[in-house]
Each structure stands twice: as structure tokens, then as C-alpha cells.
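**Student:** Below: one structure in C-alpha cells.
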Amino acid sequence: MDVKILDARLRDQLPHYATPGAAGLDLRACIDAPITLAPGETRLVPTGMAIHLADPGYAALILPRSGLGHKHGIVLGNLVGLIDSDYQGQLMVSAWNRSEQSFELVPLERLAQLVIVPVVQARFNIVEAFETTARGEGGFGSTGRQ
């Protein structure tokens with residue numbers, strides 16, 4: 001799969017999988033100067049990367065980095081970013097400071113992660129009824145807590 005890099009600043013810090021079992025790779029803030037996110041503020045941050053998956057059997061997800069969310073309250077403004085296989089533009093991260101403290105985002109800081117996932121496009125058929133299952137229409141805790 002070919003991932004194109006738009007920003008030459010990433011040349012020395014190419015995205016990579018940190019371990020053999022890593023599902024995601026880090027996206028960095030490709031900014032020229034630090035950005036301060038005030039409490040409650042949301043800002044679009046460029047990553048310097050463009051992606052064109054081309055294969056409709058794949059999509060990419062932009063997910064938050066757990067450390068930024070837990071330690072600093074920095075999460076994604078849209079919670080999850082979905083990148084369709086036919087998108088060709090630069091990846092942008094919607095950074096949301098949900099904490100009560102300002103947060104300074106510095107150039108090339110790791111801000112989010114990218115995961116490439118398989119996609120199945122469903123067909124829909126109108127039916128008179130579903131086959132009966134043990135669960136039936138039970139939802140929201142219907143199978144118990146333990």
C-alpha cells in the first residue's frame with residue numbers, strides 16, 4: 001500500500017509501526033510553530049500526509065493516542081476519523097482539548113494514530129421477519145453483567 005508524504009519535515013521521522021504487533025502508526029502535527037489549545041478549543045491540525053488507498057476493500061481510521069487523552073485531555077473532535085479508499089487529500093486531525101488546562105502542541109508532536117482496516121460493503125434486503133435467536137431483541141444489558 002502506497003502512502004504519500006506531503007511534508008518534507010517528515011523525512012527524518014517517517015511514520016512506522018513501533019512494534020511487530022502494532023496496529024497503528026503515529027500521525028504528527030506538521031505545524032511551523034507551537035499551537036496552544038485553550039480549554040474546550042478544537043482545531044484542525046495538518047499531518048503532512050496524504051493517503052490514497054485506492055482499493056475499496058480498505059479504509060483508514062484516525063484514532064486518538066491514549067496518552068494524550070488520559071494525561072492531557074487531548075482527543076479527536078470527531079472522536080474517530082474515517083478515511084475512505086477514494087480520498088486523496090492531506091490527513092487532518094481535529095484536536096480537541098477537553099481538559100480545563102491549556103495545552104501546547106509542538107511541531108512534529110505525535111498527535112493521533114492511523115489504522116488501516118478491511119471494509120465489507122453490505123447489501124440490504126427487505127424481509128418479513130428475522131430467524132429467531134436466543135437473544136432476540138434484548139439489548140443494553142440484556143445478557144447480564146457477569
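All positions are counted from 1 along the displayed chain.
Glycine residues also receive a Cβ, built from the backbone N, Cα and C atoms like all the rest.
So Swiss-Prot has the following annotated:
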- Arg65, Ser66, Gly67, Asn78, Leu82, Ile83, Asp84, Met92: substrate binding site (BINDING)
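Any idea what these are sitting next to in the structure?
**Tutor:** Proximity of Ser66 (substrate binding site) to non-local residues of its own chain (separation of 6 or more, Cβ distance below 8 Å) is seen for none.
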**Student:** Please work out the number of neighbouring Cβ atoms within 10 Å of the Cβ of Asn78 (substrate binding site), leaving out its own Cβ.
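**Tutor:** If we count other Cβ atoms within 10 Å of Asn78 (substrate binding site), we arrive at 12.
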**Student:** With DSSP assignments reduced to helix, strand and coil, which class does Arg65 (substrate binding site) get?
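**Tutor:** Once the DSSP labels are grouped into three classes, Arg65 (substrate binding site) ends up as coil.
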**Student:** Are there any residues in the same chain, six or more apart in sequence, whose C-beta is under 8 angstroms from the C-beta of Met92 (substrate binding site), and if so which?
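**Tutor:** Expected: Leu44, Val45, Pro46, Thr47.
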